[in-house]
């Protein structure tokens, strides 16, 4: 973790002060040991011992009676060493009392855990939208790292227990600390459109294959975000307005969508399942699989490799490698579909006629 990052999360001042104090103590011990060695001719052990009891104020009996110059040197050690030790004690006490030491240890453990993450998401900004996104990802057990610059918000994130990379999302070192090289997706929901543009631009430079989603408040900003490298731009005001209109004109449709999206209240979800080249389902027709009868799932659409969407595919629609199935149904059955879709065609467990899957509850 760099000093710049430490400064951004409020730990830099305490950390830097304690490092300076400990460095000063080490320097005094070295000078004292060598000084008694050359001035008095004492052994290194006696010189070190004399320096320790002098700067700590323990008051033990002197090892040997010092000479005149030895007494002068001892006074120098007292005036310089006692102050440094007192400074270190005060700084260390403040860190412990205010919980700064705990924060540092927690942050270090968090950063070590982040280094091991792969295919995770990076969420920039922990405002109302950012916190909602994080809560949803956490509920679905999807790994993510939060990037936040405000100290009070950082404390809140740490209390919740989310992984945190403190600092400015537009800075490369902060995103690298969040594991952007190994990340699967990047979501920028910062306070301003300008900040989102810079964050997206930085993220795209660091990872060309990253799926980037950004929030835009203005239409002009949406175009800039796309040019900066965003794969998708979301306008909360536009989406909110559309939902309000749909609620007025087509309330039944909105109720259905709310049921499909509310995984906390209902056991129905919409999921996307990708088919790799050697998937069990690759090259098969929907009617030849257990997706409908065995798992009681509805395939709403199939996204083809070229981006074409096949809505409401018929039973004889062929699923190809690199297709993405948009399926709806119970979560447990969707999990079975994901597992079967990841099975390789030559695997003995790969059975698409329904014999490998538990029957869905009627």
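Glycine too: its Cβ is placed from the backbone N, Cα and C atoms.
Please treat TrEMBL annotations as automatic predictions, because they have not gone through curation.
Per TrEMBL, the feature domain 'RCK N-terminal' maps to 118-235.
Summarising the annotation, TrEMBL assigns domain 'RCK C-terminal' to 257-343.
The feature transmembrane segment is assigned by TrEMBL to 12-36 (among others).
Annotation source TrEMBL lists transmembrane segment at 42-60 (among others).
The feature transmembrane segment is assigned by TrEMBL to 72-90 (among others).
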Three-state composition of the domain 'RCK C-terminal' (257-343), taking helix and strand from DSSP: 20 helix, 28 strand, 39 coil
Helix, strand and coil totals (DSSP H, G, I; E, B; other) for the domain 'RCK N-terminal' (118-235): 55 helix, 25 strand, 38 coil
Spatial neighbours of the transmembrane segment (72-90) far in sequence, C-beta under 8 Å, 6+ residues away: 17-18, 21-22, 24-25, 28, 31-32, 35-36, 39, 50-51, 54-57, 66
